[in-house]
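Pulled from TrEMBL:
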SIGNAL    1-20  signal peptide
DISULFID  C30-C47  disulfide bond
DOMAIN    61-212  domain 'Cupin type-1'
BINDING   N106, H111, E116  oxalate binding site
Amino acid sequence: MKFLPISLLILALATATALAYDPSPLQDICVATNDLESGVFVNGKFCKDPKQATADDFVFMGLRNPGNTSNPLGSKVTQAFVQQFPGLNTLGISMARIDFAPGGLNPPHTHPRGTELLVVVEGTLLVGFVTSDQLNNTLFTKVLYKGDVFVFPIGLIHFQLNIGNTYALAFSGLSSQNPGLITIANAVFGAKAPISADVLTKAFQLDKKVVDHLEAQFWYDNN
């Protein structure tokens, strides 16, 4: 009986492992259940009968108009994710429009399920992202002008700030139909229920009065 070379066995095992993977999650949580009556979610959205689809399912007009930047951040993000644009379901892509007043900020945030590619349409933006501790939390930052494009890798904290004296506009493409959004300040100091002050005072090396003050603030969501 002849045996395959060990190199071929290793290659076969590696190939099988590479091809055996779980699909990327399309929502924050998806708890398994054996109760088929109560199982209402799938990894993504249910599909309508393709025979009932129309051209209207594949057009979204919600990015035409400027967003209202009259808020504490001076910015407004208008999403075209699968929740707003059903035709994106299963396609692994979405978009957003970001309007900035002068000095407006899209604050530090992450998209846990998507890489973001941003193009500046008007104005001047200071943008950047911070790597994980694998690369010592290194900041990569750049000033962008009209027509410039910048990519924010999946899951990394990033931001955009209008450093010009005029209105700014950018559009983003994201590599998921539902990339998710975690705005850092809102998640840490505006969590529901609040994170223990003992945790935050130690994590941020802050006085408890400062933490109490931060947790008492209204954390605006510009989405």
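Placement of Cβ uses the backbone N, Cα and C atoms for every residue, glycine included.
Heads up, TrEMBL stuff is auto-annotated, nobody curated it.
Known features from TrEMBL, placed on the structure.
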| residue | record | contacts (Cβ under 8 Å, 6+ apart) |
| --- | --- | --- |
| C47 | disulfide bond | N89, T90 |
| N106 | oxalate binding site | L73, S75, V77, I98, F100, F159, Q160, L161, N222 |
| H111 | oxalate binding site | F152, I154, G155, L174, S176, P179, G180, L181, I182 |
| E116 | oxalate binding site | V151, F152, H158, S172, G173, L174, S175, P179 |
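The residues near the oxalate site, meaning same-chain residues not in N106, H111, E116 whose C-beta sits within 8 angstroms of the mean position of the site's C-beta atoms, are A96, H109, T110, L118, F152, H158, Q160, S172, L174, P179, L181, in sequence order.
Averaged over the domain 'Cupin type-1' (61-212), the predicted model has a pLDDT of 96. Of all Cβ atoms in the protein chains displayed, 12 besides its own lie within 10 Å of the Cβ of C30 (disulfide bond).
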